[in-house]
Amino acid sequence: MAEAVEPALFTKVTVYSLLACVAQFAVGFAFAQKWGNKCSAVDRWVLVWLFYDAIVHFTLEGPFVYMSLVGNVATSDNLLAELWKEYGKADERWLYSDPTIVSLELLTVVLDGSLALLLVYAIIKDKHYRHFVQITLCVCELYGGWMTFCPDWIIGSPNLNTSNWLYLWVYLVFFNGIWVLVPGLLLWQSWRDLRRMHQYPKKKNR
């Protein structure tokens with residue numbers, strides 16, 4: 001009896017999907033250099049992230065929400081559906097309109113995407129509400145990440161495929177981990193800057 005042949009780990013869709021992510025980051029980098037030329041070096045990198053964040057929310061997650069509300073990714077036939085089907089190999093919930101995922105992504109697209117653009121404006125124009133928006137966005141991103149995975153972890157992760165390094169370390173850990181690491185760093189930046197602003201008037205009045 002012939003052994004079942006496992007499907008290839010890397011396909012054209014895999015390569016195109018990863019290249020699309022690189023292209024989105026490159027666009028975010030270009031936007032940050034164009035509109036953040038008067039900002040500090042640190043804030044220019046913050047802008048890179050924020051532009052990339054907004055691009056992902058609007059151009060990837062937005063279509064995902066639409067496909068999930070009118071049907072599901074698994075039965076959709078378009079270029080972005082193929083990208084999500086590739087990610088769905090690591091987390092099946094993205095294929096079949098899981099209500100928790102769709103609810104979170106709907107909030108992420110509308111709220112987080114808008115907050116990212118508002119924060120871009122606040123940084124470029126040096127607005128007083130910059131850190132209020134930054135903290136709000138970071139908390140939303142971290143909460144979204146927790147609620148994406150915690151419900152599945154509680155029931156034993158039946159929807160997660162960790163059988164190979166691509167699905168585990170690239171799709172699940174890396175592409176979700178950066179939405180934990182970067183918001184965490186931005187929260188630390190806000191805490192540091194707010195502490196400095198609080199201490200400066202006291203030193204000035206002495």
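Just so you know, glycine gets a Cβ as well, placed from its N, Cα and C.
Curation plays no part in TrEMBL annotations; they are all automatic predictions.
Pulled from TrEMBL:
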{"type": "DOMAIN", "residues": "42-187", "note": "domain 'EXPERA'"}
{"type": "TRANSMEM", "residues": "13-32", "note": "transmembrane segment"}
{"type": "TRANSMEM", "residues": "44-60", "note": "transmembrane segment"}
{"type": "TRANSMEM", "residues": "101-124", "note": "transmembrane segment"}
{"type": "TRANSMEM", "residues": "131-154", "note": "transmembrane segment"}
{"type": "TRANSMEM", "residues": "166-188", "note": "transmembrane segment"}
Secondary structure composition of the domain 'EXPERA' (42-187) [DSSP: H/G/I, E/B, coil]: 116 helix, 2 strand, 28 coil
For the transmembrane segment (13-32), sequence-distant contacts whose Cβ falls under 8 Å of one of its Cβ atoms, 6 or more beyond its ends: 44-45, 47-53, 55-56, 59-60, 82-83, 85-87, 166, 170, 175
